[in-house]
Amino acid sequence: MFTLLVLLSQLPTVTLGFPHCARGPKASKHAGEEVFTSKEEANFFIHRRLLYNRFDLELFTPGNLERECNEELCNYEEAREIFVDEDKTIAFWQEYSAKGPTTKSDGNREKIDVMGLLTGLIAAGVFLVIFGLLGYYLCITKCNRLQHPCSSAVYERGRHTPSIIFRRPEEAALSPLPPSVEDAGLPSYEQAVALTRKHSVSPPPPYPGHTKGFRVFKKSMSLPSH
């Protein structure tokens, strides 16, 4: 409730603070003439112009009067930095604050966005370099495969070597195949010594244990009777 009373007490002060809002009947007659403007002024106001300070670095591009105050709105400090002289700054600021920014006769001409153009060209160049490197790598890989076609064939042939060897009859008669280990069985002690050429090898030790109860049976081979 107290807040509402405070707001109601502030209404007269607010109405006195905006005297231009109260228009008389005479001022309402010329309201249409003040609101609408000509076609040329409207087109000039809505027309898009490329500013010099758009998309570039002001550290490398020094500012001047055309850039700071004509192409854009500047303040007194920026104007003083441009003119350096206090008298010239005051004279310019009096005219600038009254008339606003003014453009030259050639100010309406379209400007070229140099930085945007350079950015597009640099991006296109980077893409071309990347695609060129990829194409070079693919060409080198393909050429290496064409120059060495035997390596893969030898590798495949080594993997799939047949285990069955076919020989001609005369070769088999001259050099018969050695018997396999499964057919020949285990070699005897003398054969093992002869194969390894280790004659100094002592015979295996006797079996530890009692041999009195064992008998040696000799099998005699007899020819069958006719």
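Along the chain as shown, residues are numbered 1 onward.
Glycine residues also receive a Cβ, built from the backbone N, Cα and C atoms like all the rest.
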* Asked: Of Ser163, Ser180, Ser222, which does Swiss-Prot mark as phosphoserine?
  -> Ser163
* When you get a sec, could you say which of 2-5, 74-77, 114-117, 186-189 is annotated motif 'LPXY motif' by Swiss-Prot? => 186-189
* To do: Using all protein chains in view, find how many other C-beta atoms are within 10 Å of the C-beta of Cys74 (disulfide bond).
  => 20
* DSSP state at Cys69 (disulfide bond), helix/strand/coil -> helix
